[in-house]
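Peer 1: Take a look at what Swiss-Prot says about it:
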type	residues	note
BINDING	78-91, 285-297	NAD(+) binding site
BINDING	Arg99, Arg109, Arg138, Asp227	substrate binding site
BINDING	Asp227, Asp251, Asp255	Mg(2+) binding site
SITE	Tyr145	site 'Important for catalysis'
SITE	Lys195	site 'Important for catalysis'
Amino acid sequence: MSKNYHIAVLPGDGIGPEVMTQALKVLDAVRNRFAMRITTSHYDVGGAAIDNHGQPLPPATVEGCEQADAVLFGSVGGPKWEHLPPDQQPERGALLPLRKHFKLFSNLRPAKLYQGLEAFCPLRADIAANGFDILCVRELTGGIYFGQPKGREGSGQYEKAFDTEVYHRFEIERIARIAFESARKRRHKVTSIDKANVLQSSILWREIVNEIATEYPDVELAHMYIDNATMQLIKDPSQFDVLLCSNLFGDILSDECAMITGSMGMLPSASLNEQGFGLYEPAGGSAPDITGKNIANPIAQILSLALLLRYSLDADDAACAIERAINRALEEGIRTGDLARGAAAVSTDEMGDIIARYVAEGV
C-alpha cells in the first residue's frame, strides 16, 4: 500500500490563490495517475491572515504546517498592508518566521530556458540557442548575513560599519550534500562557488566541499570564483548543472540565473531542512496589479509542486511527469499573456487545465 502524505497549502495573497488553484488541479492528476495518497489542508498566511486573524502567521497555520510532510506556498504581500510596521507586514511577518521555525537551511532555485522561449532570454541569440538548465543551491542560515559581530561604531572620519562572514563545518557539509544529492538526480555535475583566493571562510568551504565530493564519485566537481561565475553565467550558462553557493554568493547568482531565463513566471523554489521537510513557492511575487484578471502564469507554482514531489515525497516519476507536461504545452505554443508577445494567450485557468490534462494523459 502506498504511503499517506499530507501537504499544507498556503495560497496567500495577490495571484497566490489563483495560481495555487492550478497547482492543485495538477496534484489531482498526479494522485489519480500515480495512485498516490495525498491529502491537503488550507491555511491563511500573509495579508489574508492579517485580515482574518490579525497577524501574518497565525498559530493555527504553523501547527498545520508542523503536521504536514511539506508546505506548498503561494505568495504574500501587497499595497494594502504596506502601512504596517515592517515585522508585521506579510513578507517579514510570515515567510521569514516560517523558514526559521522549520530550520530551512537550503534554498534550491532551478533556472531553465525552455525550448521555444529563447526570444525572452536577454543573452545573445547564439548563447540562448544552446539552452540551459541550472539548479542554484544556496545556503540560507549562515554566512555574512548572520555572522557576529556586526554593527556600526565611531563617529566623524572614524565612523565605521562591519559584518562578519562565519561558516561552521556542519553548515558547509550539509549544504554540500544537498548539492551532490541533487546532482545525482540531474546531470551529475556540481560547480562550487567561492572566493578562496581571498577569504578564509571560502578556503574552509572549498576544503570541506572537496571532502564531501569523495562520497559522490559519480558526480563531477569543479570550483569557481564568484567573480568568474557571474561572467561565465552570461558567457555560457549551458556549462552549469548544479551551482553550490554560500548565502551571499547564492543570493547574487540565483537572481542572475532567474534574469537570464527571461520570465519570473516560470521559476519555482524550494527551501529544505535536514529532515527533508520543505517549503515550496514561486520565485516571483504576489503581482497585485494583475490579481483577479485570470492572466497570471501558473507555471512557477506548478513547478513548485513538482519540486515538492521530488524532494519531500521522493516521487521523482510524478515530478518528471509534471515537467514533461509543461514542456509539451510550451512546445505547442501555449502561452499565458506574459509569454505571448502579441500572439493568442490562454488564461490562468486554461493553462492549469492543459497541464493537468497532459499529466493525466502521460505525455
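Positions of Cβ are set from backbone N, Cα and C atoms, glycine also.
Just so it is clear, the model here is predicted, and its values are computed rather than measured.
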Peer 1: Helix, strand or coil by DSSP: which one applies to Arg109 (substrate binding site)?
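Peer 2: Going by the DSSP assignment, Arg109 (substrate binding site) falls within a strand, counted as strand.
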Peer 1: Given the binding-site residues Gly78, Glu82, Arg99, Arg138, Asp227, which lie within 10 A of Asp251 (Mg(2+) binding site) by CA-CA distance?
Peer 2: Arg138
Peer 1: Would you pick out, from the recorded positions Arg99, Arg138, Lys195, the residue whose Cβ has the largest number of other Cβ atoms within 10 Å?
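Peer 2: Result for the most crowded candidate: Arg138.
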Peer 1: Measuring CA to CA, name the entry from the binding-site residues Arg99, Arg138, Asp227, Ile295 that ends up nearest Asp255 (Mg(2+) binding site).
Peer 2: Arg138
Peer 1: For Lys195 (site 'Important for catalysis'), which of the listed binding-site residues (Gly78, Glu82, Arg138, Asp227, Ile295) have their CA atom within 10 A of its CA?
Peer 2: Asp227
Peer 1: Cβ distance under 8 Å to Arg109 (substrate binding site), same chain, sequence separation 6 or more: which residues?
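Peer 2: In sequence order, the residues whose Cβ lies under 8 Å from that of Arg109 (substrate binding site) (at least 6 apart) are Leu135, Cys136, Arg138, Ser254, Cys257, Ala258, Leu267, Pro268, Ser269, Ala283.
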Peer 1: Substrate site residues Arg99, Arg109, Arg138, Asp227: biggest Cα-Cα distance, Å?
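Peer 2: Answer in Å: the longest Cα-Cα distance is 29.
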Peer 1: Which whole-number value in Å describes the distance between the Cα atoms of Tyr145 (site 'Important for catalysis') and Arg99 (substrate binding site)?
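Peer 2: Rounded to a whole number, the Cα-Cα distance is 15 Å.
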Peer 1: Which one of these binding-site residues has the most other Cβ atoms within 10 Å of its own Cβ: Gly78, Pro86, Pro90?
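Peer 2: By the 10 Å Cβ neighbour count, Pro90 comes out on top.
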Peer 1: In whole Å, how far does the CA atom of Gly78 (NAD(+) binding site) lie from that of Arg99 (substrate binding site)?
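Peer 2: With distance taken Cα to Cα, Arg99 (substrate binding site) is 20 Å from Gly78 (NAD(+) binding site).
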Peer 1: A 10 Å Cβ contact count, applied to the binding-site residues Ala287, Ile295: which residue has the minimum?
Peer 2: Ile295
Peer 1: According to DSSP, does Ala287 (NAD(+) binding site) sit in a helix, a strand, or coil?
Peer 2: coil
Peer 1: Please report the Cα separation of Asp227 (substrate binding site) and Ala287 (NAD(+) binding site) in Å, rounded to an integer.
Peer 2: 32
Peer 1: In sequence order, which same-chain residues at least six apart have a C-beta under 8 angstroms from Thr291 (NAD(+) binding site)?
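Peer 2: Long-range Cβ contacts: Gly14, Ile15, Glu18, Gly78.
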